[in-house]
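Feature annotation from TrEMBL assigns compositional bias 'Basic and acidic residues' to 306-315. Under the heading compositional bias 'Polar residues', TrEMBL lists 316-335. Look at TrEMBL and you will find 303-335 tagged as region 'Disordered'. Residues or ranges marked as transmembrane segment by TrEMBL: 35-55, 75-94, 106-124, 163-184, 190-212, 233-252, 272-293.
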Amino acid sequence: METEFQQLGNSFKNLTCNHGYVPSAFEQIESLDGFGIGLLSCGALLSTLTLYFAVDACHNVFYQKETRFYRSNSIMILAVYPVASVCSLTAMGIPRSQLLSEAVTQIFLTIALYRLYLLLIHVGQKVTGSLPLLLRVGPCCCWPCLPFPEIQMTEDTLSWVRLLVLQLPIIQGLTYCIFLLMSIEDPGLMQQYGVCLQPFAVTSILLGIYGLTIITKSLQQAAPELKLHRKTAVSQLMLLFSKLQAFIIKSLPQTGLFPCNPPITPQIYANVTYNALMLIEMLLLCYAARYVYYVDLEREEETVEATDRPKDKTTDQPATANNNEANRQPSSLTV
């Protein structure tokens, strides 16, 4: 009898569950009780560690013997991990800020991906000679019906690849602005008509990834010692976790996996799960990015001094030779 009453109570909850309701921060903490407080405490700790790794990596990049352009782009790329972590923590504590947190994360991420493209081109300028552009790369490597001409890496061809990456922050920013306007007008509009904009967002992401992969593969084949694929991987993995993972987890409430305990709906459970995973993944990706961009400053300074010493010796030799010749010549002032 008890099990039947429990099943009847669960079915009654599901019937009375308002799936479109989003609780306030106080209602969520009150419903989750100790579990919610512990979850927020662990999330704050993970965000603090992510911020520490990002600041440490940015401090190292700032003192590297690189150009100002390289340092500014690298710092911008590294800053996206703590931003995404803080946004996920905010959305976990304040459920009604979920869409805004996702919008800020995606805008920062797409701008960082464009900065990554500029960084790859800047580093690739060290490679001499004409390089071919490898067009048969993912996600278009599985389309043999498309013609892929053999072209060289020139200013004209790079301008087209740049457009593929530049459209990413523009399209994603406009898409999330429309989502936010829909949510302000009526939260139900976003769930009803937001699906219509998803094909444009997905196409934009695929084109942006394709442009980055073209540059990475082309430069990696010509100069594997630069290890550019690692810089691209840590940024593309963040895009994968923030978009594909979000789509999968937010589709789980339709399968009945999450319960409905008003005011906590299955969608809120899915959002909490997604934000918790994002906090863990941003910590791991930030640590990996710190490893990729980190340089031993003492060893770098020693290598720079070692390369400067032969130059000093070669410049000193003509000067000493000229002084010896001048000393050999008789002075016109002597009698």
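Here the Cβ of each residue, glycine as well, is placed from N, Cα and C on the backbone.
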Of 35-55, 75-94, 163-184, 190-212, 233-252, whichever stretch has the most CB pairs under 8 A to the transmembrane segment (272-293):
75-94
Taking contact to mean three or more C-beta pairs under 8 angstroms, with sequence separation of 6 or more, is the transmembrane segment (75-94) in contact with the transmembrane segment (233-252)?
yes
Return yes if the transmembrane segment (233-252) and the transmembrane segment (106-124) have at least 3 CB pairs under 8 Å (sequence gap of 6 or more), otherwise no.
yes
Same-chain residues at least 6 beyond the ends of the transmembrane segment (35-55) with a Cβ under 8 Å from one of its Cβ atoms are 28-29, 78-79, 81-82, 85-86, 88-89, 92-93, 272, 275-276, 279-280, 282-283, 286-287, 290
